[in-house]
Amino acid sequence: MQLNSTEISELIKQRIAQFNVVSEAHNEGTIVSVSDGIIRVHGLADVMQGEMIALPGNRYAIALNLERDSVGAVVMGPYADLAEGMTVKCTGRILEVPVGRGLLGRVVNTLGAPIDGKGAIDNDGFSPIEVIAPGVIDRQSVDQPVQTGYKSVDAMIPIGRGQRELIIGDRQTGKTAMAIDAIINQRDSGIKCVYVAIGQKASTIANVVRKLEEHNALANTIVVVATASESAALQYLAPYAGCAMGEYFRDRGEDALIVYDDLSKQAVAYRQVSLLLRRPPGREAFPGDVFYLHSRLLERASRVSADYVERFTNGEVKGKTGSLTALPIIETQAGDVSAFVPTNVISITDGQIFLETNLFNSGIRPAVNPGISVSRVGGAAQTKIIKKLSGGIRTALAQYRELAAFSQFASDLDEATRKQLSHGQKVTELLKQKQYAPMSVAQQGLVLFAAERGFLNDVELAKIGSFEAALLAYADRDHAELMADINQSGNYNGEIEEKLKGLLETFKATQSW
């Protein structure tokens, strides 16, 4: 068989057309040093700040220091088997974590991988952990409440949806307990929760997860864990990962609550990473950008407008605002709120709940100091009934503290002063609350009404607790309709006032406590 020149040229053209050249250009570099979870890489020309660098063994590092002749990167995970001379590659991606409803009820690590043994997670996609916070135009003012279930917080330091409220205090003052109770109280409110545990013992986190499960709140919660045994890099990135998971709900017109427990440990982890990267230390050896570390995280907690949600969802969700409420926790040393990290976070947040060791040890729990605790925006979001009835509580406590200090030196007190002291003691006793026992709006309203209208005047101080328990049991049993109505509307008017007054008068006349 003979082929002429035309057929030969056609065959060659066909072969050339069918030939598939698959070429991938990798930007590669070489590890020149490994120490304490930090690698220095030579030869990465086009690496971005915060870019993921692929390491041998399906691991990643994040490029944090871009220097003239090398790149400083922090390894995400074990680094003992990394050695000089190993080849690494740029990925062209920044760190992303899985997001979506499939994460609810699950315990994940900083990278979004499940660590609860319940199998793979069905996520709705991935989101970068570092996102620019919504701008001023995209935000809406805070006017809906987040009920924590604590009388002292909801009455005196109310929290709104989209607010950042700091919980600050020494170790063992009930900071985590308050945050966990706030999460438990959201199980029927429709607010999705994210709990970020940073630098804690694995046993402590397991206990928290068990408590959430016992109180039917885990199904509504994502738990993000970076234990004390994990690398400093994973501890410092955990809050950003949790925030990205919470933003998924905010950007789709839903409400979410995120707890960072705690940002002091995150700042320490970031300080460790920065010092290992040889960045210049500043006050308390923290790097110069530790304020920015927390501000860019907490600014992402916001209430976004319906226009923002509609634009984000391409018109799928209309007329709904979304919110992400943050409860960051800071641990102080011997009550020193003027240290570097506490003052930073106080200045970033919209108020703080200050928990005191002395109050905690004297049996006042939650150990809230109403004098220096404040909510800067929550008042606009407070439920009507609680707003109306809680006005006198803060005043009564302030007068009581002043008089209590004065009465130590005075031998004889007039009748009016004695009454004020007695009322202050009873209000203080009334604001005590057990852990894992959040109260509904109606229950809080009833108790505050009793204090405000003088129904406690003839109740002995030692019997305040039993009086409250009996009153709530009676109201839930015999006046369930009224309680349900208050819970539903949160309103307070003349009719409700008369009903509450009648309820209390009947209770005191017919019941014992």
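Even glycines carry a Cβ here, placed using N, Cα and C.
Over in Swiss-Prot, the protein carries these features:
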BINDING   Gly169, Asp170, Arg171, Gln172, Thr173, Gly174, Lys175, Thr176  ATP binding site
SITE      Ser373  site 'Required for activity'
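Within 8 Å of the centroid defined by the CB atoms of Gly169, Asp170, Arg171, Gln172, Thr173, Gly174, Lys175, Thr176, the record's ATP site, lie the Cβ atoms of Glu331, Leu355, Thr357, Phe360, Ala367, excluding the listed residues themselves. Every protein chain shown contributes to the tally, and the Cβ of Arg171 (ATP binding site) ends up with 11 other Cβ atoms within 10 Å. Across the fold, the C-alpha of Arg171 (ATP binding site) and the C-alpha of Ser373 (site 'Required for activity') stand 17 Å from each other. Looking only at other Cβ atoms within 10 Å, the busiest spot among the recorded positions Gln172, Thr173, Thr176, Ser373 turns out to be Thr173. DSSP assigns Lys175 (ATP binding site) to a helix. Local packing around the Cβ, expressed as the count of other Cβ atoms within 10 angstroms, is greatest for Gly169 among the binding-site residues Gly169, Gly174. When secondary structure is read from DSSP and collapsed to three states, Asp170 (ATP binding site) falls in the coil class. Cα distances from Ser373 (site 'Required for activity') to the binding-site residues Gly169, Asp170, Gly174, Lys175 are smallest for Gly169.
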